[in-house]
């Protein structure tokens, strides 16, 4: 089994990252390089989280084996924790051979750092650029990132000059590398504690509130009112941008040098606007550079950038509005079905998407009623209590993990108890649950936060390229300090435990933080304690109240503005519900009419077609007879010619009497 667990987790994490990226990104419309770069960033970060427990169990086995093979005198001088006998050093099922993990961590870590500090910022500017060529986009990206890269080069150059001039410092390349790693981890730890403090409180609270039907419905109404405002603003902005595009398209004719740029802009516009502009174009007119003033290429680049942004925003708000409507209708159905005597879940509207037959077979209306109306609230409450317990343990351990005698960190206590019996399954499960919970608290905050329309991760393939790349940058900067913080909580980091034991392979590539003692003994120890203050602030919703004071409306139960927005959202949902009901009623009437009278109409149409066929055949026969009869005689009166013309017209078919004389047929009519 050596290396098999590592290979399985590598494959599993890849598909997990691919699934999440497919949920938020759009593989068909977004650039392939954006998808590949974001996928690589997410994949490497998730991979570190999943592989680190294997590194811990392998390190514990190596410590046991090294202590068992050493003499007692050497063990007392070099190792603190000894194995009582060689028989206790059982090899774990997920053991990774020596030499693999250091190379693996080195490749993963430096690749993620290259992505977050160099490649992804450049690709952000490239994706947001409005240039019409690859060269133009690269030029714009280089100009925008010149200050970004120049600042880091200036700081690094100043540091190198200081080290070279100061005779007290004699740093080698490995120490410079450690200083760079420490600087990146310090920045990441600063942001990590902020996000962790929010997630530790908000995740259990959101699940507890998820058991409150009235709460979720009121919050959905509140979201509907805010989203309608954003949707109207996006539509108005799109109309203004399309008006500018129309003016530019009409001014720049087909033989203008910048017409290719205009055509590129038109391709990014919605289809209805393209058709409308195409009808109003007069491309047969030549442009006259002396008479008209034409926009420059720089202004067209700016317009192209605005078109991309406005179209993406308009499409996102439209999709989010439909999703929010479905959510509101479903929550209203749940509220109605809670008092149902039949205990069968009844939907107001049928699902627009085809349901899976297997799910439909097992998830019957009765099962759905028991789950939605009885079991789901209790499940959410129990889950919220479990998550809150984990949050309390994390907060306590963050405040006490620096204490080694006695050991106060609960995670370190759990790992050390398992280490004594060498229960590797328990060690890996405890490590995985711990780091997985920390990752959920941090990563979920990254998915929830929204910086105006600058950064926003929207599900259902509605996230733009800039936000995807920005999330990849955040993940790559947050994951290394998150793993170091986890190793500190479990006392697997020698810098925290102050034990001369074999470090994990992940810690070994980070180097010794003793090079910067004020960071290793100060910032890394005491800064995580601020998570207590952040948790208290999140519990009392201080950030939400501050945003409300600044004019950014947030959902608060005791706010008058929140009540007004809830009422507005309720009316919007009611209006959309009536519209949906009228549409379904009309479709049902048409369906019933077709089922009732469709067969009769088909048979009637068949009879009419058969009658017309017979009429045409009899008409042709009578015409031929008449023509043959009247062509034998040359002298005819005007009345005979009129009769010939009348007989040439189609005749009404009568199965009882067929007469060749047109006069009798006329009198019969």
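FYI, residue positions are counted from 1 along the chain as it appears here.
Including glycine, each Cβ sits where the backbone N, Cα and C put it.
These figures come from a predicted structure and were not determined experimentally.
Within the set 337-358, 403-424, 425-446, the record from TrEMBL flags 425-446 under the feature transmembrane segment.
Feature annotation (TrEMBL): of 303-322, 503-522, 523-542, 543-562, the stretch labelled transmembrane segment is 523-542. Checked against TrEMBL, the range among 77-101, 177-201 recorded as transmembrane segment is 177-201. Long-range contacts of the transmembrane segment (378-396) within the same chain, counting only residues at least 6 positions beyond its ends with a Cβ under 8 Å from a Cβ of the stretch, are 196, 200-201, 203-205, 207-208, 210-211, 408-411, 437-438, 441, 489, 531-532, 535. As a whole-number mean, the pLDDT of the coiled coil (224-251) in this prediction is 93.
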